[in-house]
Amino acid sequence: MTELALDNRTLPDRSTVVGWLQNYGVYLGLAVLLLFNVFFTDHFVSGENFRTQAVQVSPVLIVALGMALAIGTEGIDLSVGAVMALATSVTSLYLGYGPWLALVAALIGGAVIGLAGGSLIAFVGVQPIVATLALMVGGRGIALVLLPQLKDVRDPAMATLGSGSVAGIPYLALIAAALALIVGFVVRRTTFGRRLLAIGDSRPAAQLAGLPVHRVLITVYVCSGVLAAVAGFLATARLQASDPSSLGNLMELSAITAVVVGGTPLTGGRVRIGGTVAGAVLIQLLTATLIKHDLPSSWTQIAQAVVIVLAVYAARERGKR
Amino acid sequence: MTPWRAAVTAPPDEVLAVTGLTKRFPGVLALDDVTFTLRAGQTHALVGENGAGKSTLIKVLTGVYRPDEGELRHLGEAVTFPTPLAAQHAGISTIYQEVNLIPLMSVARNLFLGREPRTRLGLIDFARMHREAKETMAEYGVHIDVRRPLRELGVGAQQMVALARAVSVDARVVVMDEPTSSLEPREVETLFGVIRRLREQGIAVLYVSHRMDELYAICDTVTVLRDGRLVHTGPLAETGRLQLVSLMLGRETSEVRAEGVTKFSGSHDAGSRPVLSARNLDRRHQLHDVSLDIRPGEVVGLGGLLGSGRTETAKAIAGALPLGGGEVTVDGRPVRTGSAAAAIRAGISLLPEDRKSEGIVPGLSVRENIALAALPRMSRFGLVSEARVDAVVDTFMKRLRIKAASPHQKVGELSGGNQQKVLLARWLAMHPKVLLLDEPTRGIDVGAKAEVQKLIDELAGNGLGVLLISSDVEELIEGSDRVVVLRDGSVVGELTGDEVGADQLLRAIAEAAEEETPRHD
């Protein structure tokens, strides 16, 4: 029966179409949504609107990059929202020593949470969903201990970072784009990226091939933690305030949505960074479109659900093969 | 066939029987016209090598599978078991290798699951349940607090709970699939005591095991399957060990086949000092004091029946199994055991038996699979050099003649033979000193098989030390310069030089079994 598998290229049209949709469906959806807005939404095609959308999507996008890595190893990282909260607390505590030091402190915080999660998963063998759930609850707790209530952030450098732009492109969007390129490069071109995919696809085989499974898993969750901390730092700059009780709430779910809609299967072994970016933008644009057309926010949620189900359905069809 | 007629034709003590049973799976004929009868009070051994069809037969008898052709009779009447539950209601209990109980529930609850004693209010009568559970377990030599969760028990004790549960549900037939694989000798004694009691009560036991001593100690009848066909059935006492082994492996002891069935050339010039030495490998229930040497340029065969510890030996050497004791050296330098990465660094490569789940990474391309282990050699500062990967992949795809649409095709889509070649390429790219091959040609087509065999020959010719595990007698004999014979996890013999022949091998496996007095009787 394995001999037959060679003839995959000549399989019926249906599965070819579904396979194509799984690979490129997110871009198609994005294109359709863009066209709809161009024709039916007032003031859609304006620099101001694009800038707003880009700034809003940046934190989700950055978090989703780390999430894509975790999902690529057949894991998940629920602690990302809490890491954002921790990052905002740390940022406002250390801002007195300058924004750079505050950034470094926030990144260290994210790395520590990632290290804790990764170690639990790799060495103790705790399931990723449980390990990072514990950190999601505990991490926000720590954030609130460090900074019990909302605090304004008054720092000119932070203000520039949050709302400034270069050549009409917001800093936030530039940073998000740069990070997406870096993560995409890491996945494609480094030993770490290759190993990550092998571990996600077949952990026993990866282990027997002598791959450093523990080290790779821990690195993945540290990366996810650091990326979430970056997102928390940037969100703090944009909002000009630190609010550890609300920043990053439900961010883990938005990030998972972006990754799944982007065509990265939850079963691991595959990471699609381009798709993840498109997925994040698609969800952002969908929300914006419905709001612009004066539909209540409940409609947004329903629409998101439909998109997720469609994405998962396409992925499932692929998996059945 | 009408029930009354069946009742007339069937012998009075027949409990469960199949006639003309055929079962197909896509691409595989698992059972081919098998006829099999289980009588009351019989302890019936079912033996055969991998892929012989034992599991399929058990699954048909216990209602997991339905036969494609053939008739299943229960107490003389033709029946079909639509579900495993229906078979259970008919009095057929199964104890699987992996214990099928609920680990978090107490021993007593596991024992009485689904038929708990009730109080007048319809609540579970815990006092009675615990008392009865305690008595039952004591009969099986397990003295424990039955209120404790099952998972706190040792595997042997858990097996006893499974057995007690299986028997206590009014069983007429008890199917035991390798029941002793995780039992201590003392527990095996207890199990045999239980089986004898079942026999006295007229309960039929279908006993699947690879341990010869056990079969001869407890079974009275034997059925041998090979490649899905029935090759022998009859009283065990009339079947010698040597005959049984030949039946299982498919070689008549008197039959001498022409040489050159395989692509192996035969002998190699081995170096004098071993490249790999394994000493006193020990692992609970699996390996006892296994030692062997492999010299450069030598193919060492590992012979023995299924379950004799061949795969475990290879995995232990490759660091893929934690060991209780023992050491492995490569070129005289010790290798940390229990770490696949350390073994690979030392130059040991393993082609695992379970190619699909432990070998290939199915979703990745041929190229990524070949490069996987050797990535650090083809990278600088963690960046993969695509040019170097291409060069290596290209070399091996040509050298091993790997047939794929392109290097970017997913490995999962290739044929078995090509998957095996991809794995070989992965290891050869590491320039190993020792290659451990666990059933390298199983499940691949004839052409690819010959190619792989030729390749193994070439590699040994180039000075690689090779350990070859194969259930194919021809392959083992013609491929190996030396054969180390294992039984029940111990080395029981070695064939060298002219002794490497099919007859000698079968005799070594069988005689080794005969030399010692049976452990459990």
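Cβ coordinates are placed from backbone N, Cα and C, and glycine is handled just like the others.
What TrEMBL says about this protein:
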| type | residues | note |
| --- | --- | --- |
| TRANSMEM | A:20-40 | transmembrane segment |
| TRANSMEM | A:60-88 | transmembrane segment |
| TRANSMEM | A:100-122 | transmembrane segment |
| TRANSMEM | A:129-148 | transmembrane segment |
| TRANSMEM | A:168-187 | transmembrane segment |
| TRANSMEM | A:216-235 | transmembrane segment |
| TRANSMEM | A:297-315 | transmembrane segment |
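Proximity of distant same-chain residues to the transmembrane segment (A:168-187), defined by a Cβ-Cβ separation under 8 Å and at least 6 residues beyond the stretch ends, is recorded for 47, 51, 54-55, 57-59, 61-62, 65-66, 68-69, 72, 160-162, 193, 196-197, 223, 227, 230, 234, 237-238, 271, 273-274, 276-277. Contact between the transmembrane segment (A:20-40) and the transmembrane segment (A:297-315) is supported by 3 or more Cβ pairs under 8 Å, counting only residues 6 or more apart in sequence. Between the transmembrane segment (A:100-122) and the listed ranges A:60-88, A:129-148, A:216-235, A:297-315, the one holding the most Cβ pairs under 8 Å is A:216-235. Sequence-distant contacts of the transmembrane segment (A:60-88) (same chain, at least 6 residues past either end, Cβ-Cβ under 8 Å): 106-107, 109-110, 113-114, 117, 121, 128-129, 132-133, 135-140, 142-144, 146-147, 175-176, 179-180, 183, 187, 196-197, 199-200, 203, 216-217, 220-221, 223-236, 242-245, 247-252, 254-256, 258-260, 262, 264-273, 276-277, 279-281, 283-284.
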